[in-house]
Amino acid sequence: MSSLTQAPGGGLIPDPAVLVLEDGSIHRGFTYGAQGETLGEAVFTTGMSGYQETLTDPSYCRQIVVATAPQIGNTGWNSEDGESRVDGATDSSGKVWVSGFVIRDSSRRASNWRSERTLESELAEQGIVGISSVDTRAIVRRLRDHGSMKAGIFSGEALTGNDTEALLEKVRGQESMAGANLSAEVSTTSAYVVAPKESKLRVAALDLGIKSNTPRMLAQRGIEVHVLPHDATLDDIKAINPDGVFLSNGPGDPATADAAVELTAKVLGEKIPFFGICFGNQILGRALGLDTYKMQFGHRGINVPVKELATGKVAITSQNHGFALKSPEGGEWDSPFGKAKVTHVCANDDVVEGVALADGSAFSVQYHPEAAAGPHDASDLFDKFFDLMSGRKGATGTGKAAQ
Ligand SMILES: NC(=O)CC[C@H](N)C(=O)O
């Protein structure tokens with residue numbers, strides 16, 4: 001918890017902290033959460049609610065998140081809304097994955113019927129270094145104009161024991177997010193099953209940083225979800241005899257995910273129905289022959305409009321990505337597995353938001369149908385995956401009940 005220091009006039013003031021960005025800018029504020037030092041890529045999120053889901057999303061591994069919402073902490077922290085999971089448990093845990101948190105104003109009290117403790121005490125307990133009382137609007141403009149930057153937050157001895165040149169050197173010396181392969185850091189090490197009340201279909205889900213709500217939403221539809229570690233093989237998948245394969249969200253640069261791309265190509269070669277989300281979309285795109293690139297500042301928030309090209313329909317979506325697929329000329333191309341197409345684009349900037357094989361057997365989206373803080377516009381994609389798998393079942397006559 002931020003410690004308080006006796007001010008000369010007799011009052012108490014919080015201890016200082018600084019946010020140092022790669023461009024050399026120094027932003028002074030107060031300690032929020034744990035004191036110490038943390039490094040990561042500074043990114044901003046425009047979500048006005050759902051900070052607990054954001055902080056526990058494994059896709060934020062090694063990122064320092066700046067909240068554009070001016071006040072944070074008003075709904076406290078509970079034991080249910082975490083999106084992360086600890087090995088050995090099939091349910092969610094509250095493990096915070098961001099490497100640091102930057103806010104303007106810390107809510108003085110948490111007030112919600114589900115709140116069990118304050119956000120700041122949770123961050124302190126988990127050793128997450130944060131900073132409050134900085135001008136987040138100025139920081140976000142900087143990140144928007146210069147792009148996501150390497151950053152560090154320093155407080156306590158990490159601040160008093162170093163001059164700003166030394167802090168900047170640490171910030172600039174860290175590894176870049178471009179080229180980072182983080183799947184092993186966040187993935188489960190052993191397989192586990194999330195079982196529905198009544199099992200109608202079976203899915204093998206590759207965990208590259210999967211959020212707890214994804215298996216939960218699949219299970220709600222009668223899908224038995226076998227979550228596999230990031231380095232699972234085609235044989236591991238076949239041993240489950242799944243009706244479909246799912247590829248999760250996850251941190252890091254999709255250009256480094258060669259193993260998952262190769263596995264996806266094998267799954268497509270076997271004609272197993274396929275659905276991917278976010279990192280999974282980038283990996284399907286790569287398996288179909290597209291390249292990826294690092295965006296200037298990415299899409300992070302719960303209010304990003306996405307247009308479905310076939311219908312012109314727009315969904316408001318939750319997003320968290322800093323990389324994207326390069327759009328092929330005309331939006332359609334011949335992939336090694338047949339005709340493929342871009343199915344969705346972002347209505348703000350035309351970034352590719354979904355791809356599919358034209359025969360419908362594999363599809364993926366860059367946004368989050370499992371979004372737990374909402375919105376829920378895209379949750380029908382899980383039904384689409386169900387229908388795709390049960391259609392195949394009917395065709396091959398394996399005989400399990402459809403929904
Ligand atoms: N949420 C995700 O799956 C993120 C995918 C990838 N790490 C990106 O930043 O673009």
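Easy rule for this one: first residue shown is 1, then count along the chain.
Cβ atoms here come from the backbone N, Cα and C positions, even for glycine.
Unlike curated records, TrEMBL annotations are generated automatically.
Sequence-distant neighbours of CYS278 (active site, nucleophile) (same chain, 6+ apart, CB under 8 A from its CB) are SER59, SER248, ASN249, GLY250, GLN319, ASN320, HIS321, VAL365, GLN366, TYR367, HIS368. The active site, nucleophile annotation in TrEMBL covers CYS278.
Just so you know, the Cβ of HIS368 (active site) picks up 28 other Cβ atoms within 10 Å once every protein chain is counted. Summarising the annotation, TrEMBL assigns active site to HIS368 (among others).
Per TrEMBL, the feature active site maps to GLU370 (among others). Long-range C-beta contacts of GLU370 (active site), restricted to its own chain and to partners at least six residues apart, with a cutoff below 8 Å, comprise LYS211, ASN213, THR214, ARG216, MET217, ILE277, SER379, PHE382.
Summarising the annotation, TrEMBL assigns L-glutamine binding site to SER59, GLY250, GLY252, PHE279, GLN282, ASN320, GLY322, PHE323. The Cβ of PHE279 (L-glutamine binding site) lies under 8 Å from the Cβ of SER59, LEU208, GLY209, LEU247, SER248, ASN249, GLY250, PRO251, GLY252, PRO254, ALA257, HIS321, each of these being in the same chain and 6 or more residues away along the sequence.
Feature annotation from TrEMBL assigns domain 'Carbamoyl-phosphate synthase small subunit N-terminal' to 15-154.
Mean pLDDT for the region 'CPSase' (1-201) in the predicted structure: 93. The region 'CPSase' annotation in TrEMBL covers 1-201.
Its Cβ placed at the centre, GLN282 (L-glutamine binding site) has 30 other Cβ atoms within 10 Å. Using a 10 Å radius centred on the Cβ of GLY322 (L-glutamine binding site) and all shown protein chains, the other Cβ atoms total 22. Report note: the L-glutamine site is defined by SER59, GLY250, GLY252, PHE279, GLN282, ASN320, GLY322, PHE323, and the residues of the same chain whose CB lies within 8 Å of the CB centroid of those residues, excluding them, are GLY209, ASN249, PRO251, ASP253, PRO254, CYS278, HIS321. Secondary structure counts, DSSP: the domain 'Carbamoyl-phosphate synthase small subunit N-terminal' (15-154) has 27 helix, 50 strand, 63 coil.
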